[in-house]
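Below: the structure, in C-alpha cells.
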Amino acid sequence: MTSTPKPLVLIILDGFGHSDIPEHNAIFAANKPVYDRLCATQPHGLISGSGMDVGLPDGQMGNSEVGHMNLGAGRVVYQDFTRVTKAIRDGEFFENPVLTGAVDKAVGAGKAVHILGLLSDGGVHSHQDHLVAMAKLAAQRGAEKIYLHAFLDGRDTPPRSAQSSIELLDATFAKLGKGRIASLIGRYYAMDRDNRWDRVSAAYNLIVDSAAEYTADTALAGLEAAYARDESDEFVKATRIGDAVKVEDGDAVIFMNFRADRARELSRAFVEPDFTEFARARLPKMAAYIGLTQYSAKIPAPAAFAPSSLNNVLGEYLAKNGKTQLRIAETEKYAHVTFFFSGGREEPFEGEERILIPSPKVATYDLQPEMSAPEVTDRIVEAIEQQRFDVIVVNYANGDMVGHTGVFEAAVKAVEALDTCVGRIVDALEKVGGEALITADHGNVEQMEDECTGQAHTAHTTEPVPFIYVGKRNVKVREGGVLADVAPTMLKLLGLEKPVEMTGTSILVDA
C-alpha cells in the first residue's frame, strides 16, 4: 500500500521580484508578517528570472510564458533568437551541419552562397549579427562568391535607420576579403504575410534574376537614392547593387530570419515544385535552400535550428513515476500554470488534475487587488487537507496583474493579500507534514515608478526573484540559482532522480 502523499506545494507569486531599493517598492511597503517570518526562519535566497538565465537575450526582462516554461522544464528553454546567438558565441553555429553542408555543396562545385534576410538590429524577425556570422561561416569554408540579399526593416527599427546596418555588412565583407551586398529591397515586399504575391514576386525576381526597378553602384548609394524617392527602409523598391547576380544551378541559398511568419511566402516561391501563386520566370536547381529555423512543416526546406521539443518536463516525469499533481490558478494565469508549465502541452498528464478559478470581472485589477487569491487558497487548503496529491503547483496572479496597473496603493494591498494566502497554505502544510517552495516567474511589483521619468512603472523588471523553502529539512539555498533549477529541486525533495533532459540542479543543498 502506497503511503499517503504529504504534498509538496510550489507557490509561484507572479511578478514578485526582489529589490533592495525601498522607494516605490510595493513589497517593501506592505505589511507582510508571514513573508517576513519565513525569510527570517526558513532557508531562503534569490534566483534569476531574466536574460540568458531563462533563454532570453542579455538584459531582457522575464515574462510569464518564458518563466513558467523554465520552471516546469528543469532546463533553460532558449528562444530561437537566443539559441542562434548562443550558438554563435559558443562556436557551435560554425559547425552546424545543415549550414555547413549547404555551403560545402556550393563550394565543392565552385558555386555561390546567397544569404537572404532582414538586415536589422531589431531582433524581432532577425538580427544583423546572425547575417554577419553566416557570411563568416561561408568564407571560412572556402566560399569565394558570397552574396547578401538584404531586406530592409524600418518597422521594428526607426523608419530610416538602415545605414548603420549596411555599413556593418560592408565592413564585414571588406574584412573577409570576399562577398558583397548584391541587392536591397524593403521588407514590405520580401516579407509579406498577407498573400500579396505581387510584392513577393518583386523580391523573388530580384534575388533569382537580378530583376530590379533601380540599380546602384553600392548599397549605401542605393539606400540614399531610395530616401531621395521618399521610400523609407520598409518600402525600398527592388534595387540591384553592382553587377547583376543571379541564383544559378548549384548555388546554396540560406534564409537567415529566425521568425517564421514573414519568411514563409518567399520560401514557398523558392522550394515548392508546383507553386502557382505567381509565375516564376525561372526556378534554379539549387544545391540547397535552408531556413535558419523551421518556417512551416509544409515547406520542404531543412532548418538549421530545428524546433526543440521538451521531453520529460516536470509534469510528464511526475506522471511517469506514478505521482499525482494538481495545477491551480485564476483565469489570468491558468494557461501559464498548465500549458506553459507543461512545456507547451495542452492535455493534462496522467494523475494530473486542474482547477480554474475565475478572475474577478473588474475593469482593472487595482479596483480589486486581492483578485481571486482567497478563492484559489480555499481550494489549495482543501487539497492539502485531503492529501490526494503529491505535488500542487499554484500561481498567484496579483503581483503581476496589479503591478501592471501602476497603482502603488493597490499593489501594496495585493502583496498583503498574498501574504495572508501564503500563511494559510503554510499552516495547512504544517498540519500534514507537507513542504513548500515559494518563488516567482519574474519581477514587477517591486518597482512601481520609473526612476528616470517619474511615471508609473507598469512593466516587468530584471530583478531576481525570491526562493524560500518551507519545511523541516536541514538545508540551505545555494547561490546562482535560476528558474530552471526549480523542477530539479522539487524532484530532489520527492526523492526522485532527475531525468537526463533536466540540466538544472537543485537549489537546496545540505546545510
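Keep in mind that glycine also has a Cβ here, set from the backbone N, Cα and C atoms.
Residues or ranges marked as Mn(2+) 2 binding site in Swiss-Prot (evidence: sequence analysis): ASP14, SER64, ASP441, HIS442. The active site, phosphoserine intermediate annotation in Swiss-Prot covers SER64 and is backed by sequence analysis. Swiss-Prot lists HIS125, ARG155, ASP156, ARG187, ARG193, ARG259, ALA260, ASP261, ARG262, LYS333 with the feature substrate binding site. Annotation comment: Swiss-Prot describes ASP400, HIS404, HIS460 as Mn(2+) 1 binding site.
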So among the binding-site residues HIS125, HIS404, HIS442, HIS460, who's got the most Cβ atoms within 10 Å?
HIS442
Any idea what the Cα distance is from ASP441 (Mn(2+) 2 binding site) over to ARG193 (substrate binding site), rounded to a whole Å?
33
Here the binding-site residues are ASP14, ASP156, ASP400; which one has the lowest number of other Cβ atoms no more than 10 Å from its Cβ?
ASP156
Suppose the Mn(2+) 1 site is ASP400, HIS404, HIS460. Which further residues of the same chain have a Cβ inside 8 angstroms of that site's Cβ centroid?
ASP14, GLY15, SER64, GLY399, MET401, GLY403, HIS442, ASN444, VAL445, THR458, ALA459
Top Cα neighbour of SER64 (Mn(2+) 2 binding site) in the set of binding-site residues HIS125, ARG193, HIS460:
HIS460
HIS442 (Mn(2+) 2 binding site): which of the binding-site residues HIS125, ARG193, ALA260, ASP400, HIS460 have a C-alpha within 10 angstroms of it?
ASP400, HIS460
DSSP-derived structure type at SER64 (Mn(2+) 2 binding site), helix or strand or else coil:
helix
So which one is it: of the binding-site residues ARG193, ARG262, which has the fewest other Cβ atoms within 10 Å?
ARG193
SER64 (Mn(2+) 2 binding site): tally of other CB atoms within 10 A of its CB:
23
Report the member of ALA260, ASP441 (the binding-site residues) whose C-beta atom has the most other C-beta atoms within 10 angstroms.
ASP441
Using the alpha carbons only, what distance in Å do you get between HIS404 (Mn(2+) 1 binding site) and ARG262 (substrate binding site) once rounded?
31
Compute the C-alpha separation of HIS125 (substrate binding site) from ASP14 (Mn(2+) 2 binding site), stating it in Å without decimals.
28
Check the Cα-Cα distances from ASP14 (Mn(2+) 2 binding site) to the binding-site residues ASP156, ALA260, ARG262, ASP400, HIS460 and tell me which is shortest.
ASP400
